[in-house]
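Report on one structure; see the data block that follows.
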Amino acid sequence: MVRREYIILTLCVAFFSFFAIRIIWTLYNKHREKQVIQNHLFALSISRHYDDEIKIIKIEINRRNILRDSFECIMSKFATELYSRNRLFISFKDEVGFDESGITREWISLLIDEIFDPKNQLFYFPTDDCKQMSPVKIELIREKNLMYYRFLGRIMGRMIISKVNADVNLQSIVWKQLLDLQCDHSDFEKADPEFYKNFMKLKENPQIVIDLQTSFEEDGIEFIENGKNILVNADNINLYIEQFLKYKYITKIEKQVTEIKIGLFETINRNFLKDFSGDSFKLLIRGSESIDINNWIANTKYIYYNRAIETIKSFWEVVKSFSDDEKKLLLQFVTGSRYLPDGGLKNLTGNNLKKQKFTIMLVVSDNDTLLPSASTCTNTLKLPRYSSKKILKEKLLLAINECREGFDLS
């Protein structure tokens, strides 16, 4: 009888302890949310100033369906909910984690990769050797999918607000169009050097298009008034070249670019970007791909370690031996992004958009089994003291390649 009562008592204690922990965890998160709101006053100059109240917008995303889930969540919000003073709190379904910026960075990085994946038919590489992308042709886009460009604009606005960089891999001519800047022949040439070179030969030899009875029209769109009835000749060949290039590189993606702009300026003040060039806007959004290892070392701080300790010496020797892609994976593992902000490592941000250096913290371990882990909210790599450089390299590569996704309570 006593044993039975003891078991019942034990179960009751366990039951109430479980709920007590849940309540404490919930209250703790509420407290952290208040702290985040108090600190989330970044860049009032880019705010659209709809009102003065700062709100938390909670969004839960299924990691395995990140594009559709994110699209539905973001596009279901009113533009007033997404303007700069409001704070997005991202969580991944069935994962534990509190978003103090690290989860947002990972979400944006994964989402941008998905948006620009050619399989989703929103962007494509215009030529085989082109490294930047352009919106797909308008005739290939369904009306519903056109809204994905507005969605991208909203995400880009939130990237500026959150100081997050990701691989928004657009051609330079598109960056200029987003800012309503004048595009010229240098932009057309950058977009497709081989095509531009061959097309410009028409100036010396217009007979090619004259013989084909080419008019000022392409795909049913007239370049000039009554263009379908005006044939190209030696006198108007220069006008034809100008109008065709504008059609190919500007008109064909005008609707898509317009949607991106609508989304962008629903979240930030248009005046914030008025002095930007296309290249500086690209740097603001995409950040820098270049990783200077000496700059990285100089802008790293240590917790329970210092640069003289053998493990740290081995760590930097290992990182120096990494390929560029492996360095980016390490950066993403620790910070949530493969790209650096303008100015490099010294401008990394962490909790609540405050500057936060890349940090290496000692993790005590009795053996070499423990993998490195990371806290992306504070840009912290938790590094065990391994018995050799060889093991350190093996464990670090395993962590950055296999353990990049998911958040726990560590």
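Glycine residues also receive a Cβ, built from the backbone N, Cα and C atoms like all the rest.
Annotated features, as they stand in TrEMBL:
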- 6-25: transmembrane segment (TRANSMEM)
- 80-410: domain 'HECT' (DOMAIN)
- CYS377: active site, glycyl thioester intermediate (ACT_SITE)
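Taking a C-beta cut-off of under 8 angstroms and a sequence separation of 6 or more, the residue listed as 'active site, glycyl thioester intermediate' has the following same-chain neighbours: PHE98, ASP99, GLU100, SER101, GLY102, ILE103, GLY350, ASN351.
According to DSSP, the residue listed as 'active site, glycyl thioester intermediate' is assigned to coil rather than to any helix or strand. Mean per-residue pLDDT, taken over the domain 'HECT' (80-410), amounts to 90.
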